[in-house]
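All remarks here apply to the structure that follows.
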Protein chains: 2
Amino acid sequence: MANDDRSVRRVRDLGEQGILQCLYQFCPADLVGDDAATIALTPDLGDSLVVTTDVLVDGVHFSDRTTSPEDAGWRAVAANLSDLAAMGATPIAITVGLALTGETRLCWVEGLYRGMVACLDRYRTAIAGGDVCRSSVNTVSITAFGRADGARIWRRDAARPGDAIVVTGWHGASRAGLELLLDPDRGKALSADDRADLIRAHQRPKPRLDVREALRGAIAENENDSQTRSYAAMDSSDGLADAIVQIARASGVGARLERSQLPQPDSLGQLATPEQALNWVLYGGEDFELVLCLPPAIARSLLSRLNAEARIVGEVTREPGVYLTGTPGSCREQQLSLKKGFQHF
Amino acid sequence: MANDDRSVRRVRDLGEQGILQCLYQFCPADLVGDDAATIALTPDLGDSLVVTTDVLVDGVHFSDRTTSPEDAGWRAVAANLSDLAAMGATPIAITVGLALTGETRLCWVEGLYRGMVACLDRYRTAIAGGDVCRSSVNTVSITAFGRADGARIWRRDAARPGDAIVVTGWHGASRAGLELLLDPDRGKALSADDRADLIRAHQRPKPRLDVREALRGAIAENENDSQTRSYAAMDSSDGLADAIVQIARASGVGARLERSQLPQPDSLGQLATPEQALNWVLYGGEDFELVLCLPPAIARSLLSRLNAEARIVGEVTREPGVYLTGTPGSCREQQLSLKKGFQHF
């Protein structure tokens, strides 16, 4: 009553971040703001439950044009498991809430589930039930939950000046794969293998659940550096630039990235101009790799345990702002922002 | 390919139970078929995680005509916590996945969350994050997490011949409240208090999370009767008849119910014919009480610990089929089925 203006504001006026900020007021502060929520299961913090939810809507997140039901299922599961990976958790199970139109073909639903189970099987995880109901638009809501042991050492707000910024693998590949699916005439110069790799990066992304063990080993090897602190981590589902900017903001720091170090598949150069390729690497999204900020010794030790595409791409700075140096054709540094990423509203 | 017929079957041809049966093939058998899934967290079964999901769609599960956003939020949470109650679990947290149209008013979303938090606060539970995205229809997907200790003693398939069937409270009240909301001219003979009670039963149902402690006490008091077996339990969200029929089917037994023992608020008689009132009691749904099958001594001990509306309504039989005796105006027994309940497709 006191605020008439508020009563007529609509969802589309606020945008996704605006709505999330508004909804955060209803949630305990320690449970929101990261890729997933972490809840202590035992008073001594020996074991924590890590929980994350994604809602996917037909025509917004998947479409028969570029995505088979099997791939839609795989991608939906991979996105949720990637959020668990970004919290250093191992998956326990998922639940699936389905809202379906009456016209939906049973074979579509079965394909969706086959794709989900194919991805889950890889990580020895199962579907622990769910719900199904009628709707005017097909909607898939997945909640994944995992277990993390020890205190919470992976968090978005834990980057410190001097940390090395580690990226676990190729970026831009998923976006390039989507381009090839949308326009099959594109990228004729690509080899069949390169084409298949890019399309697979889009259709069958792999959550980096292997990083947890590798980081444990790296920490153990450099124990003196790391005994009491947390590390910043986030997945790059909304783009590499988004992940780094979000970590920097949450941690109250800045970052400096080196263009030549950003891990980009060679084949991108045959498909796009350098400028477009850089745009895909930074803002394409859905590569489902991890971005971590770690003391340099731990970062180097982690790289030695991961695949060759993992790189140190820059450094956390005391000064705010995320800057990219060494951009080809530009003598100035480029400041990165969230604005170019995908916005839901 | 081998089964062309299958490829053109659509969701509306199968119905809700048909789709669920089809989807169960993708889930481990021990994780589906109950109100919620139970997952052992430690190898010795000392602590289990219990998980349940509901998807609610605007126009199907809630409507501005009968439900304020606050009530829609309360009811959505109550339904999920009721599933945990039916598994003997205490709630840990929920996640909320929202799909919203751009036209949705912010005050509607805030009202929904206020209602959810009001219900959660009662049970010292919080929202542990979620997701929000764009859709053509407002959809709310809730996943609730709980904890159960000990081995799994509450399960749908554990009823045994000779068990007493306990119902924890009034049935038909939620359905009567909905009638009053849909047709305010109805039930003029009701007192203001009775009218408010029925409407509140519909708008603000209370999950029976108190039954767990009461049953623990009842089991402890009758230890010799109960040392090694599980008990059948289910919530009555889809109707009292549905709960009893589902338990009987899953357990491979039958049941005999006594009409005069079904707990029904007196005010139903002033609002509906005896036949209609019975229909609401059996098939109305959304009363969110529990139905349990227990050895008679434990059942009597449980009743002494619960409120007066809790009743023993009948007995589990060796012969299949669920029968109601003592129906007014009918000399024959009535066989109960799932068919009259709400079907989504």
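In case you wondered, yes, glycine gets a Cβ from its N, Cα and C as well.
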Key: Candidates A:ASP35, A:ASP64, A:ASP71, the one TrEMBL lists with A:THR52, A:ASP83 as binding Mg(2+) 4   = A:ASP35
Same-chain residues at least 6 apart in sequence whose Cβ lies under 8 Å from A:ASP83 (Mg(2+) 3 binding site) = A:ASP35, A:ALA36, A:THR52, A:ASP54, A:ALA144, A:ASP235, A:SER237
Remark   = Checked against DSSP, the composition of the domain 'PurM-like N-terminal' (A:33-147) is 34 helix, 47 strand, 34 coil
Distance check against A:ASP131 (ATP binding site) for the binding-site residues A:HIS61, A:ASP238, A:GLU286, keeping those with Cα within 10 Å = none
Key: Chain B neighbours, restricted to the binding-site residues A:THR52, A:ASP54, A:HIS61, A:TYR113, A:SER237, by C-beta under 8 angstroms   = A:THR52, A:ASP54, A:HIS61, A:TYR113
Ask   = Relative to the Cα of A:GLU286 (substrate binding site), which of the binding-site residues A:TYR113, A:GLY130, A:ARG155, A:ASP238 has the closest Cα?
value = A:ASP238
Message = Please give me the CB contact count at 10 A for A:ASP131 (ATP binding site), counting all chains in the structure.
response = 23
